[in-house]
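Enquirer: The structure follows.
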């Protein structure tokens, strides 16, 4: 744990902030703001990341993912006073910042609004960006929480605006903390009221040799969709089976669509389908357009809790699966494997996806995968039959010749 102690801000007292490193590039941020008497007045712990769609100089769209907060600073986070409301401010990267403001209303406090600023002039994050400068998106939240309650939402929450998607999970926050003590009384978001979240713990067991996972039955097929202002923009139907190797232990997990939430976003050149559940922080399928006339699965990202409580995270943005013409859907009823890495593969069953050009919320004509194409079997069967017939004829001819020679004797 790396802790940052900042100088006192006028009217806010001392700010103590800690950054806890998570798995891979995922970070849990923890903020404890104290007043002039060193009593806690504002507390928060959460995880977040961002995806940003931007236009390039070649007139294409790219997606940037922001998930590294290792360089974060927290200047401007304050308890609030009669003139200013409490707020949490996080600065990171090159010209990036994130702010959440709180207000008090009668017997409750509100997560009032959230703003996120990003710097398109940062060429490392936004290569070939057409626009330059800092852009900001503002989202009015207005979420009401009773005073002296800590808000908890372990489930995934998203905010989407102007091509920016903000993802939040494992959120714990309390503003206007009373008597300097963070409350143990939790006020849950709706998603947490209907699901149980696995709490990550540190595994202390000694890694064992790689084990073979027990084969699982075929997963249940789920239907997923993404909507934008024009209606349904992405459709997906599939059964998903995850094959994971972690610390030399292999496991197979079937995704249950009945307990899986889904969200996403649609842009002219890319589309995102994100799944999450009590043990899956996120499972992202990112589609892209190529050659202006076809689409394909370009990227898969996953972060999830395993049975032992450890966090498993993998990302690959250089895939090439599920290729089909724009204006059509891709279909593969047979079992198909998407190899994300040596440690993570996804088996799909009864797959059908259309991430672009969805009309009236229905699939367009499907392009079938080669595994489903039975027409190729016909020439193979005919060829095999003819080959077998020729072999039989040749053998019969040779046997006949041997009998003919046996009928003559030397004089």
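Cβ atoms are placed via backbone N, Cα and C, with glycine included.
Curation does not apply to TrEMBL; its annotations are automatic.
Because the structure is a prediction, the values reported are computed rather than measured.
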Enquirer: Given 149-173, 174-198, 199-223, 224-248, which one carries TrEMBL's region 'Disordered' label?
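Expert: It is 199-223 that TrEMBL describes as region 'Disordered'.
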Enquirer: Out of 352-375, 376-399, which range is noted as transmembrane segment by TrEMBL?
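Expert: Going through 352-375, 376-399 one by one, TrEMBL gives transmembrane segment for 376-399.
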Enquirer: Just to be sure I understand, if DSSP states are collapsed into helix, strand and coil, how many residues of the domain 'Lysosome-associated membrane glycoprotein 2-like luminal' (32-177) fall in each?
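Expert: Helix, strand and coil residues of the domain 'Lysosome-associated membrane glycoprotein 2-like luminal' (32-177) number 0 helix, 91 strand, 55 coil.
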Enquirer: Tell me the Cβ neighbour count for residue 189 (disulfide bond), meaning other Cβ atoms within 10 Å of its Cβ, over all protein chains shown.
Expert: 16
Enquirer: In whole Å, note down how far the CA of residue 153 (disulfide bond) lies from the CA of residue 332 (disulfide bond).
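Expert: With the alpha carbons as reference points, the distance is 36 Å.
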Enquirer: In sequence order, which residues at least six apart in the same chain have a CB under 8 Å from the CB of residue 153 (disulfide bond)?
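Expert: In sequence order, 168, 169, 171, 188, 189, 191, 192 meet the Cβ cut-off.
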Enquirer: Where DSSP helix means H, G or I and strand means E or B, what are the helix, strand and coil counts for the domain 'Lysosome-associated membrane glycoprotein 2-like luminal' (219-358)?
Expert: 3 helix, 98 strand, 39 coil
Enquirer: Please determine which of the disulfide-bonded residues listed here (332, 369) has the lowest count of neighbouring CB atoms within 10 Å.
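Expert: Checked 332, 369; of these disulfide-bonded residues, fewest Cβ neighbours within 10 Å: 369.
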